[in-house]
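Asker: Handing you this structure, nothing more for now.
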């Protein structure tokens with residue numbers, strides 16, 4: 001359990017509570033969660049050690065046009081890691097549902113409304129794309145880059161989060177490589193529901209021991225924290241224990257409630273080259 005799981009900022013969230021589903025547009029449904037909650041726990045100061053975005057894919061986005069004909073789209077939302085707040089996912093889902101029976105004059109109006117409301121909730125300008133379903137016709141399903149570290153013949157008996165599993169993980173050889181794992185699993189901070197993901201780690205520096213890295217990632221299995229917070233924890237732990245010269249951590253989580261969340265944190269750039277979904281998404 002995270003140190004801030006009982007924070008007063010979390011007490012008013014709709015997450016984990018019986019909820020009425022509105023079908024008329026209502027921006028007040030969005031609920032922010034201060035990023036400072038876990039960043040204080042990670043001892044991050046005002047100057048963040050990373051760039052990044054939280055990339056959301058909206059698979060259940062629908063509204064009515066001016067004549068009442070339903071429209072459907074896929075949305076992509078880029079929330080800067082520098083924003084004061086992350087957006088709580090159930091409130092995001094409820095907010096999107098409120099578009100379902102609301103008339104909008106154009107697709108552009110929908111995109112503008114989403115941008116305005118999500119930016120207000122996050123506390124910083126958010127980038128929004130509203131794309132027709134056909135936009136994705138030729139987009140491939142991808143896998144993560146680099147070498148998968150999952151097929152190791154090791155025994156694991158503990159699933160409690162332990163950052164110290166990375167102690168001594170930095171070797172003597174200097175490398176530049178990309179590793180990934182599909183075994184990332186944590187639990188929702190509020191509901192304890194499982195969150196399933198894959199994580200890609202791109203770095204330059206002392207070679208990281210793959211067994212220690214895999215044991216560390218598996219230790220998230222019973223850990224309660226939001227997606228974005230887990231990725232920032234992975235980033236800061238790798239910087240602390242392995243001290244790479246360059247580091248990028250990119251996780252892609254399976255969707256829930258028509259949304260997937262893909263946090264990206266890097267010393268090098270603020271977003272990935274593309275936002276292509278994986279087989280489990």
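Just so it is clear, glycine is given a Cβ too, placed from its N, Cα and C backbone atoms.
As listed in Swiss-Prot for this protein:
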ACT_SITE  188  active site, thioimide intermediate
ACT_SITE  195  active site, proton donor
BINDING   87, 88, 89, 227, 228  substrate binding site
BINDING   89, 90, 256, 257  NADPH binding site
REGION    261-281  region 'Disordered'
Asker: Looking only at C-alpha atoms, tell me how far the residue listed as 'active site, thioimide intermediate' is from residue 227 (substrate binding site), rounded to the nearest Å.
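Answerer: The residue listed as 'active site, thioimide intermediate' to residue 227 (substrate binding site), Cα-Cα distance: 8 Å.
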Asker: Which binding-site residues (87, 88, 228) fall within 10 Å of residue 256 (NADPH binding site) by Cα distance?
Answerer: none
Asker: Given the recorded positions 90, 195, 257, which one's Cα is the least distant from that of residue 227 (substrate binding site)?
Answerer: 195
Asker: Same-chain residues six or more away whose CB lies under 8 A from the CB of residue 257 (NADPH binding site)?
Answerer: 60, 89, 90, 93
Asker: Once near-sequence residues are set aside, which residues in the chain of residue 87 (substrate binding site), 6 or more away, have Cβ atoms under 8 Å from its Cβ?
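Answerer: Listed in sequence order, they are 30, 31, 32, 33, 56, 79, 118, 121, 122.
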Asker: Provide, as an integer number of angstrom, the distance between the C-alpha atoms of residue 195 (active site, proton donor) and residue 228 (substrate binding site).
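Answerer: Answer for this pair: 11 Å between alpha carbons.
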Asker: According to DSSP, which kind of secondary structure is residue 88 (substrate binding site) found in, if we only use helix, strand and coil?
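Answerer: In the DSSP reduction, residue 88 (substrate binding site) maps to coil.
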Asker: The record names 89, 90, 256, 257 as the residues that bind NADPH; what is their largest Cα to Cα distance in Å?
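Answerer: Spelled out: the longest distance between any two Cα atoms in 89, 90, 256, 257 is 9 Å.
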Asker: By DSSP assignment, list the helix, strand and coil residue numbers for the region 'Disordered' (261-281), in that order.
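Answerer: Summed over the region 'Disordered' (261-281), the classes give 0 helix, 7 strand, 14 coil.
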Asker: Report, as a single number, how many Cβ atoms besides its own are within 10 Å of the Cβ of residue 256 (NADPH binding site).
Answerer: 16
Asker: Through the lens of DSSP with three states only, how would you label residue 257 (NADPH binding site)?
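Answerer: Reduced to three states, the DSSP call for residue 257 (NADPH binding site) is coil.
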Asker: In which DSSP state, out of helix, strand and coil, do we find residue 228 (substrate binding site)?
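Answerer: Going by the DSSP assignment, residue 228 (substrate binding site) falls within a helical segment, counted as helix.
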